[in-house]
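A quick write-up on the structure given underneath.
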């Protein structure tokens, strides 16, 4: 029994690490595809459509006997979940990527754990008591992770490896486009983090009202593909943008749709249901570490001191935050456990 309990405890951790790996590969593919000219809005729309086709049969057969009835309230939740978690979050990320650099954009998304924790506390979704160790650990872990993100963003440091520097591409020219454009890109990336944080909190409510995990995710992707398609049709008047001609474009759409959206969002939604939004968002900084590993081993980019120090601080903050979450959950479960009969008899004797 103890061994099974330990396995169940580590399932959400394993799921989030798998999600981080999927996200890192997805980021590398999207970066390469966008550099070769794939339209951002088309990528978002087709990615969500592929995810819908992938998940719809699974949802139909797996949950046809347990799926709750769709109500107007659930449809409203699904609409905003699709807007915040898929359409708006991806659009703002790609918009910010246009005016900054790819490394900065990926690093900036690591602010999601900080924003999720702060929003959760303000909305009273997450409890915070500074008088106990669990509450202090949550604050310290969040601040430590935030410090790591700032170090990654502001401090490059010396090169720890000596590989050939990549040639300057569109990301470099975007970074040099001026202070106004950089600020605009930063605001867009901040909006991306806010959208993602609100989606995590929204999912914690949606999974309780509509516990059919696969069906809710498939509905969300269907709605988001309609949202993205409408926006693309309003902005892009040329029908040729929808035609994928390069093999990389086809691979990117299929992989990001099935793995990045389909499998990835199911894993994340399951973790939100099991352990809450703050636990889930605390694993987002790990994506940055995996992306750095992919850049080093496959794209042959240099590893810098600032990246190493920032990654260490983010991992340290992650485990402090998770320790606070675990201790908080243990205290809540122990307080909810009924007292043994012998202790109750002793208390009655003392009161007498």
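Cβ coordinates come from backbone N, Cα and C, glycine included.
Positions annotated as compositional bias 'Basic and acidic residues' by TrEMBL: 339-352.
Taking H, G and I as helix, E and B as strand and the rest as coil, DSSP gives the domain 'EamA' (14-152) the counts 115 helix, 0 strand, 24 coil. Summarising the annotation, TrEMBL assigns domain 'EamA' to 14-152 (among others).
Helix first, then strand, then coil: DSSP counts for the domain 'EamA' (184-322) stand at 118 helix, 1 strand, 20 coil. What TrEMBL records for 184-322 (among others) is domain 'EamA'.
What TrEMBL lists as region 'Disordered' is 330-352.
The feature transmembrane segment is assigned by TrEMBL to 12-30 (among others).
What TrEMBL records for 42-62 (among others) is transmembrane segment.
What TrEMBL records for 74-96 (among others) is transmembrane segment.
The annotation transmembrane segment is assigned in TrEMBL to 102-123 (among others).
Annotated transmembrane segment per TrEMBL: 135-155 (among others), in sequence order.
For 182-201 (among others), the entry in TrEMBL reads transmembrane segment.
The transmembrane segment annotation in TrEMBL covers 213-235 (among others).
Long-range contacts of the transmembrane segment (250-271) within the same chain: residues 12, 15-16, 18-19, 22-23, 25-26, 29-30, 32-33, 38, 43, 46-51, 53-55, 85-86, 203, 207, 213-214, 216-217, 220-221, 244, 279-280, each at least 6 residues beyond the stretch ends and with a Cβ under 8 Å from a Cβ of the stretch. Positions annotated as transmembrane segment by TrEMBL: 250-271 (among others).
Per TrEMBL, the feature transmembrane segment maps to 278-298 (among others).
Per TrEMBL, transmembrane segment is recorded for 304-324 (among others).
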Of the listed stretches 12-30, 42-62, 74-96, 182-201, the one with the highest count of C-beta pairs below 8 angstroms to the transmembrane segment (213-235) is 42-62
